[in-house]
């Protein structure tokens, strides 16, 4: 009788209070989560995520997430490299390549020159005047040291804007003189205040 | 986005490759050994087969590089795709002009048959093939293959992988059946290449057409492998589109062959 009563009491007490585990999460749950594929990718495997356009910095950021087996991949699933950059740019409304011709919508002036973006140290621009094709194409040279150039025929002003890779601080200074003296152009007669700052250092 | 870390222009400046010069040398070997074979030089035929193998190998390695650059490196931006499309179209135009020459030579002989042939076309003594037997079947086979390849293409665009695979496999099967039947036609034919200008024109036309069918079959076969290997996307599948364009061209040439040489020329 005593034993039966104590059993009943113990049973009631056990039923009333839920069993609390020793730790909030045990080791078995870790095994389950790893098996579910929730964790990190294996070394060398892509992680199946897409980097937002603004955060693309290296070629690795342009690797695609990949599609499910048994389906036909879409361009977003599978395109890589420069092709992917173009597609992602188009989705954001950004023209990644900018293949537009020289801006001939107005005549550039010293206070409002036509900006020519350049990824290199020097840039050609072929001026045909304003309105376009007013005169024969005259080729103008602009460089990072001397970004402003004027057309000898119509006087249109062009200014180079460097958008290329930043300078390597460890590289030797590049030879300004190629062994000969370059002939004077109209750019040499532009007043210093209009000459534009040399773009030798490009800040990101 | 660090734009300056990536190429400024959309075009693909190809890295140095040995395949163009290898292909050139192989083609030189092919043409030289071909000429020597035709003039019955000893061992020339062995060189011909070796040169043919070399050409096929050089081209295969070249195309393999193109596939790597496109699918695995992402060098084929829209500008590059446009250029490739133009290249394929121009190549097919050049092939069309080649077949134009073949049809020109046929019509030159057939429109005013020489007295030596009996002033009739087909020449006297030539038993021409009945166009409504095997050639008509072959026409139906090629037209059906055009239908299946279009079905495969549209399935791919709609994201239907199994439809695309079925379509391409059927196309290749029909192409192989066509080639087999043409081979059969050749073996049971009552005239040979040397049987007057009729034989020359017939085998010149159908022979080069058959060669183009084999090339087209291989082209679509590569497309089949690439669909299986998930190379293509719904939107970007220039290799397959080029092979389909080439196949339609081959089909059209057969139709003209059928109408001019088989039907009108019988």
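A Cβ is built for glycine as well, from the same backbone N, Cα and C atoms used for every other residue.
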From the ranges A:11-30, A:31-50, pick the one that TrEMBL records as region 'Disordered'.
-> A:31-50
The one of A:127, A:151, A:154 whose CB sees the fewest other CB atoms within 10 Å, among these binding-site residues = A:154
From the centroid of the CB atoms of A:127, A:135, A:151, A:154, the recorded Zn(2+) site, which same-chain residues not already listed sit within 8 A by their CB, in sequence order?
-> A:128, A:129, A:134, A:138, A:152, A:153, A:155, A:156
Counting only residues 6+ apart in the same chain, whose Cβ is under 8 Å from the Cβ of residue A:135 (Zn(2+) binding site)?
-> A:127, A:128, A:129, A:153, A:154
